[in-house]
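Peer 1: Before I ask anything, let me first share the structure, which is written out below as structure tokens.
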Amino acid sequence: MASNQLEPWLLENGNLKGLSKEIRHGRTAHNMSSSSLRKKSDLKLISKVPCSLLRRFLANLQEVILGTKLSVLFPAIPLAIVAQCFGFGRPWIFALSLLGLTPLAERVSFLTEQIAYYTGPTVGGLLNATCGNATEMIIAIFALGQGKIEVVKYSLLGSILSNLLLVLGTSLFCGGIANLGREQKYDRRQADVNSSLLLLALLCHLLPMLFRYAGASAADLSTVDSSLHLSRASSIVMLIAYVAYLVFQLWTHRQLFEAEEEDDNAVSEEAAVIGFWSGFAWLIGMTVVIALLSEYVVQTIEDASDSWGLSVSFLSIILLPIVGNAAEHAGAIIFAFKNKLDITLGVALGSATQIAMFVVPLCVIVAWIIGIKMDLNFNLLETGSLALAIIATAFTLQDGTSHYMKGFVLLLCYLVIGACFFVSKTPLHHGNSINFGSAPKATETLFGSA
């Protein structure tokens, strides 16, 4: 009875039960992982509110704000704003902003899924591809605007490393422990596509660094300019490859990337819980709040580094991705427990691919447009960590089966890399000014003279 009363004003565009099977099955692994943290809302009390406009607003508020298990973290958002306005300790602003970003990232995924009910799987997939890593993208843009190129590089590198090693490693380890009596299998085809794209991204990162090394001196302006031009050209190639990947994922080979539903009965009962325009308005509002908190994070990260005695590289590469994507990471681990590794791989590899092939080159192009010289040279230590993470992940996923030992090894790799950046005290503004020296001198230093 209550559901019949709610349906006309919750579903502003009409009844959605007539949606085609294609649309209902068009959910991505990213959406599925986030859905594991949602909880059903009891709207019986709200249905008794006499004013239809107020009733609709309260219902949307219930679904968007209280419809997640992470709703307890929402108070961190106003606390961060108050702390900023009244000049509280800047490390506190940094910590509260990070906590506030956690539920916002999960809610953006929820809202894109709600909008996809009206637009269909293709447009919904494009929207998810754009907003799937909105937090990282917005933080990177604000950091670029303030000229903090190192923070941009560190945060994006950290997102890739955390997805490939921490999320995937934890998921495979926990899934293997929870399913000791069963062999865990997954579709290798999706993993192969993502691994190929990640290797292409690695090549685009390696060449500018090697090009500068071959130029013998980082102070050589012609070498620096050539490396920058190479980075911009490589970024355009990466964006073209990402567009081709979207065509492959959403049109020609969609069946490889569609997430498995837990049961067909649940599919037939699915319907949007908020209207199209309500979802669109909430999505814009969430994006504005993410932008505000991202600005706080960028402004206060150096103060937090000084106060806590941790390097900016450690905060950006390790802490920022873990907290910012905690909801998505938790969802991936939950599905690994359920022996649904295709969804787990879709989350970890899909997110890493999106960062490497879309967000990173987009930042280079945006920096080019606004007159900032950002290249793809992430320096030797960072690029080496990225290379080892991609290679280790590719080897781990090559046979289509999984056990806890594979996840354990990936976790150990992440632990070692995290320890490396923990002890690293590289100044924030060192940029790319590392002088490798001439090739013969570097060789002599490493291996000794003959």
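Just so you know, glycine gets a Cβ as well, placed from its N, Cα and C.
Unlike curated records, TrEMBL annotations are generated automatically.
Quick caveat, the model's predicted, so the values are computed rather than measured.
Feature table excerpt (TrEMBL):
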{"type": "DOMAIN", "residues": "92-251", "note": "domain 'Sodium/calcium exchanger membrane region'"}
{"type": "DOMAIN", "residues": "279-417", "note": "domain 'Sodium/calcium exchanger membrane region'"}
{"type": "TRANSMEM", "residues": "72-93", "note": "transmembrane segment"}
{"type": "TRANSMEM", "residues": "160-181", "note": "transmembrane segment"}
{"type": "TRANSMEM", "residues": "193-213", "note": "transmembrane segment"}
{"type": "TRANSMEM", "residues": "233-251", "note": "transmembrane segment"}
{"type": "TRANSMEM", "residues": "272-294", "note": "transmembrane segment"}
{"type": "TRANSMEM", "residues": "314-337", "note": "transmembrane segment"}
{"type": "TRANSMEM", "residues": "344-370", "note": "transmembrane segment"}
{"type": "TRANSMEM", "residues": "376-397", "note": "transmembrane segment"}
{"type": "TRANSMEM", "residues": "404-424", "note": "transmembrane segment"}
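Tell me what's around each of these sites.
Peer 2: Beyond the transmembrane segment (193-213), the same-chain residues lying 6 or more positions past its ends with a Cβ under 8 Å from any Cβ of the stretch are 164, 223-224, 226-228, 230-231, 234-235, 237-238, 241-242, 245, 248, 256, 345, 349-350, 352-353, 356-357, 360-361, 375-380, 383, 386-387, 390, 393-394, 397, 432, 436, 439, 442.
Packing against the transmembrane segment (344-370) from elsewhere in the chain are residues 28-30, 32-33, 129, 132-133, 136-137, 140-141, 144-145, 149, 152, 156, 159-160, 163-164, 167-168, 171-172, 175, 186, 190-191, 194-195, 197-198, 200-201, 204, 231-232, 234-236, 238-239, 241-242, 245, 257, 259, 325, 328, 331-333, 335-336, 376, 393, 397: each is 6 or more residues past its ends and has a CB under 8 Å from a CB in it.
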Peer 1: Tell me whether the transmembrane segment (404-424) sits in contact with the transmembrane segment (314-337), defined here as at least 3 Cβ pairs under 8 Å among residues 6 or more apart in sequence.
Peer 2: yes
Peer 1: Using a Cβ distance cut-off of under 8 Å, indicate which of 160-181, 272-294, 314-337, 376-397 has the most pairs with the transmembrane segment (72-93).
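Peer 2: The stretch with the most close Cβ contacts to the transmembrane segment (72-93) is 272-294.
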Peer 1: Using a Cβ cut-off of under 8 Å, list the residues of the same chain at least 6 residues beyond the transmembrane segment (376-397) that approach it.
Peer 2: 153-154, 157, 160-161, 164-165, 168, 172, 186, 188, 191, 195, 198-199, 201-202, 204-209, 212, 227, 230-231, 234-235, 317, 345, 349, 360-361, 364, 406, 409-410, 413-414, 417, 420, 424, 432, 434, 436
Peer 1: For the transmembrane segment (160-181), could you work out the same-chain residues 6 or more beyond its ends whose Cβ comes under 8 Å from its Cβ atoms?
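Peer 2: Long-range Cβ neighbours of the transmembrane segment (160-181): 198, 317-318, 321-322, 325, 328-329, 332-333, 335-337, 339, 341, 344-345, 347-349, 351-352, 355-356, 385-386, 389-390, 392-393, 396, 402-411, 413-414, 417.
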Peer 1: Per DSSP, what is the residue count of the domain 'Sodium/calcium exchanger membrane region' (279-417) in each of helix, strand and coil?
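Peer 2: Reading the DSSP string over the domain 'Sodium/calcium exchanger membrane region' (279-417) gives 115 helix, 2 strand, 22 coil.
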